[in-house]
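Pulled from TrEMBL:
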| type | residues | note |
| --- | --- | --- |
| BINDING | THR100, SER101, PHE129, PRO130, THR131, ASP132, ASP198, HIS201, TYR223, TRP253, THR279 | pyridoxal 5'-phosphate binding site |
| MOD_RES | LYS224 | N6-(pyridoxal phosphate)lysine |
Amino acid sequence: MSETTELAFKARELDAGDELAGLRSRFVLDDGVYLDGNSLGALPAHVPDRVQDVVRRQWGELRIRSWEESGWWTAPERIGDRIAPLVGAAAGQIVVGDSTSVNVLKALVGAVRLAGAGRDEIVVDATTFPTDGYIAESAARLTGCALRPLAPAEVPGAVGGRTAAVLLNHVDYRTGRLHDLPGLTAAVHAAGAVAVWDLCHSAGALPVGLDEHGVDLAVGCTYKYLNGGPGSPAYLYVRRELQDRFDSPLPGWNSHAEPFGMRPDYAPAQGALRGRVGTPDILSMLALEAALEVWDGVSVEAVRAKSLALTDFFLECVARYVPAGTVQSLTPVAHEERGSQVALRCPDAGAVMERLIAQGIVGDFRRPDVLRFGFTPLYVGFADVERAAEVLARTLRAGGGDA
Ligand SMILES: *Cc1c(COP(=O)(O)O)cnc(C)c1O
């Protein structure tokens, strides 16, 4: 058997044994191989009709009554409770709204205020997705803190009595490296500081365990592995024991104890509601709520097991098909250090990705030289993986980016 047939055969066997394989039919997809769900998740098939109902009936017919009758006003906390089990949180600790960037600001400034007097340093993941770094820099200026960028591995040895808050990414958006959330959270706590985690690349792909590991604050987006749609609102987690002291830097009227009291003075609501700001973006939010129904009956543990099997199999196919030395994986081999994507460095990566996309293999390119392939276990199968590696190998043999 040639290598190609052998791995294609193995892919068929893996697909046949995949208990999540049937979930693919819950999504709108085509014959291509979609490996960009870590950037924009695919559309769940029932969402268009639901959005249509929100627009035509709830808005078009009920109009203002929908704030009550269609549950618009309570959507941020209701949808937060739907996300909660996916990130290991009990109900009442997550609100949905605003972008991840805005929630990073709420979380970081809130964290410094929680840390209390005498602590004047914010530590930020030096390899972070840029927006987190930009916002952290501004949060530091707003709170009179110094900003200290560090690689996550350096954090335990560097945090101390000055550290107010530490912002870390659970999974690195470039390399796909999974950081040790329990260990790093414990190290931050040992220094008396507040741990803030960005879950953009982990929620919906692997278990997070926010409550179990004592995470203080967390943020994440919903348009990647949670399939909420372009620009769907992000979320903010505030651990229950901290909610009474959580002091948001954006205390809009939606977080007021009595929003319709229209009082001149601010008094915060109880609970996770304190993370709300202004009028929620109902259309995106209710599209997200509908999208989250694809998780009904799906266990995050099963998703994680399949995710690791998919990335293992991709690495195996790449090692067998791609000419030695043409690509270099940046993604850790150890399962406990791997998220749900594989990042391959290769010369001329931008042009290579263009050629892959032209052949129906959709990943993305990150400057300067990284090919990113995201594996969403809800709708990616093993035959997809084998095909993607085979087309990649053929593309590289034909001269990579050269047309
Ligand atoms: C995707 C992503 C974001 C996106 O931020 P937005 O405000 O939603 O544009 C932020 N941080 C990380 C780590 C991400 O992966």
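Keep in mind that glycine also has a Cβ here, set from the backbone N, Cα and C atoms.
Any TrEMBL annotation is an automated prediction that lacks curation.
A quick note: this is a predicted structure, and the numbers were derived from the prediction, not measured.
Where TrEMBL records a feature, it is marked here on the structure.
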{"residue": "THR100", "record": "pyridoxal 5'-phosphate binding site", "contacts (Cβ under 8 Å, 6+ apart)": "THR131, ASP198, CYS200, VAL219, GLY220, CYS221, ALA234"}
{"residue": "PHE129", "record": "pyridoxal 5'-phosphate binding site", "contacts (Cβ under 8 Å, 6+ apart)": "ASN169, TYR173, ASP198, CYS200"}
{"residue": "TYR223", "record": "pyridoxal 5'-phosphate binding site", "contacts (Cβ under 8 Å, 6+ apart)": "LEU40, GLY41, GLY229, PRO230, GLY231, SER232"}
{"residue": "LYS224", "record": "N6-(pyridoxal phosphate)lysine", "contacts (Cβ under 8 Å, 6+ apart)": "GLY37, ASN38, SER39, LEU40, GLY41, CYS200, HIS201, ALA203, GLY204, GLY374"}
{"residue": "THR279", "record": "pyridoxal 5'-phosphate binding site", "contacts (Cβ under 8 Å, 6+ apart)": "ASN254"}
Distance-selected binding-site residues near ligand 1 (C-beta under 6 Å), from THR100, THR131, TYR223: THR100, THR131
Number of Cβ atoms other than its own within 10 Å, given for ASP198 (pyridoxal 5'-phosphate binding site): 27
Other CB atoms, at most 10 A from the CB of THR131 (pyridoxal 5'-phosphate binding site): 15
